[in-house]
Each structure stands twice: as C-alpha cells, then as structure tokens.
Amino acid sequence: MDMTVSNQKAESDDGSDIDDAALLQKINSLPIDQSITNSVSLEKHDFQGSDDHDSSTDLSDSTLEDVEGSEWADVSRGRYFGSDPSESIVCHNCKGNGHISKDCPHVLCTTCGAIDDHISVRCPWTKKCMNCGLLGHIAARCSEPRKRGPRVCRTCHTDTHTSSTCPLIWRYYVEKEHPVRIDVSEVRKFCYNCASDEHFGDDCTLPSRSNYPESTAFCEANCPSGNDASNKEFFETRRKEFQLERREQNRNQKSSKQRPFHKPGNSLASRLGSKPKSFKRKHSPPSEENGNLSFHSSDGRKFTKTSKKNRKRKW
C-alpha cells in the first residue's frame, strides 16, 4: 500500500516539472517589445546610481549660478515636475524670490516694518524728545524752546525723577480700545512681601526692600475695576507721603552738616572744669621798613629779613 502512494507522488512531481518547462517555452516563444526592455534597463541604471551618489540631496557646493536650466530640475526640490530656479530661493529680509538676504536691494526696518524708508537705528519710533515729549527727534534737535523749572516725568507725571529714569518704562501697558472691566472680587490678591492673600505687595504695611515711590501693577488702585477717580487719589497720597519723607531726609542731612565744630582743647577743658588758655601767636605779623621785613617774637626780639625785591643777584 505504501509503495503505491509513493509511486503516485513521484508521478505527480514529474508532471508538474513538465508543465513548468512547457510554460517557459511558450513565454520565450512570444515576441519581445523593445520599448519595455529599454524602460526596464533605464530604471535599473537609475537605481544603481542612487546607491553610489544622490545628486538631489547634495546641495552644499551647488549654487544658482553653477546649476541652471535642465540641471536644476534634477537637484531642486521639485525635480519630478520641474521648477523655476528663481522661485526656490527665498530672501529672509523682504520674503522675495530669486535672491538671498545678502543681495537684497530693499531696506527693511525691523521696528516699524517700513520698507525702503529708513533703517532700524534711525526709526522715529525709537527716538523720544525729553523737551516736548514727541517722537521722531531728540532734545538736542528740538525746535521748541527749552523748558526750565521743576523736573516732571512725562510718563507718570511725578516730580521725583525724569522721563529717562522713570521706573514705569519697563512695565508700560498699552490700553485696548474697548477695555473689559472685571469685578474686584474675582481678582486674586497676593502679597510678594509677606505672602498674604488679603492684599497686594504695594499695599503691604510691613517694611519692604522696594524703594520705588510709585505703585506697580501689584496694588489695589491698579485693579481692572479701579480705573476711576479713586486711582488718582491713591497716587496723590503716595506722592505726598514720598515728598514728606524726602523733606525729612534733607532736613536731617542739613542738620548734620551744620553741627558746631568743637576744638579738642575746649572739650578737654570742659571735662576738667577749667577754662582754656588764650592762644598767643609766636610771631607778630611782619611790617615792612626800608624794603625789609621785620618780625617780632613773643619775647620781644626782632628779626629782619630782606625782601625779594631788594635782593641783589649774584650774577
């Protein structure tokens, strides 16, 4: 029984081999299309060349002048569909095509965005006159007459400093056209001085290291709903308090400078309970006689000295 099964399997294997051989003979006997063979050979050549060197990814040494025309289509980003060399290069200065930022013909101001007008250093928005408060020029070139009198800051309108040293410059806020008011109860309070959640840092009564008399954004008067007359009253009280403190400091400095000077002899005599001795000059002021200077000592002796006018030169 086993012998018959093995013989059947062998016959089936031989039959399959015969069928495959006949199929191959039929395929080889078919006519060959020359266009198909040419396309297959080109694909093989391109595939082998891509392993050795890929020209589409090596753009380190190629430039717009070296690669032009049909060669650019092979190395550019759109090599499959073709692209214009001038469209693939974008200028980072003016965002134009066909040139780089080094060769850009336009002048762009990075402050106000003006093109072909001025550079960033000469932008009128970066210059502010300390005399008239307008933009576009400085105080040395201001056409308005010089203002003399008490110094007033044009930013916060206080007389404790000038506009150039105002502490509000780095925290100056631009108001919106339609401000949104928020309820005071919704604002979370937190003190940066004593870590309390009942008041702001500027309203803290404990001693602080901050030396700024003007209030910052962390105060009750600077809340979104406190933009009214109470805000002005708060600033007025703070300004008056600061002025009083400055006056007291100036008085203390003046009083310390005007203290009477006590000689060491007087203080020692007052401690010992005796009066200080009168100070006597050792020599009386000189008197001029016949062109000579005479001096009298406390003992009555007289000294004479020839003046420079009557000295005879040795030569």
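Positions of Cβ are set from backbone N, Cα and C atoms, glycine also.
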* Asked: Which residue from Ser12, Ser56, Ser278 is recorded in Swiss-Prot as phosphoserine?
  -> Ser12
* To do: From the list Ser16, Ser60, Ser83, pick out the residue that Swiss-Prot labels phosphoserine.
  => Ser16
* For the record in Swiss-Prot, which of the ranges 89-106, 215-232, 233-250 is the zinc finger one? -> 89-106
* Asked: Using DSSP, how many residues in the zinc finger (189-206) fall into helix, strand and coil?
  -> 0 helix, 0 strand, 18 coil
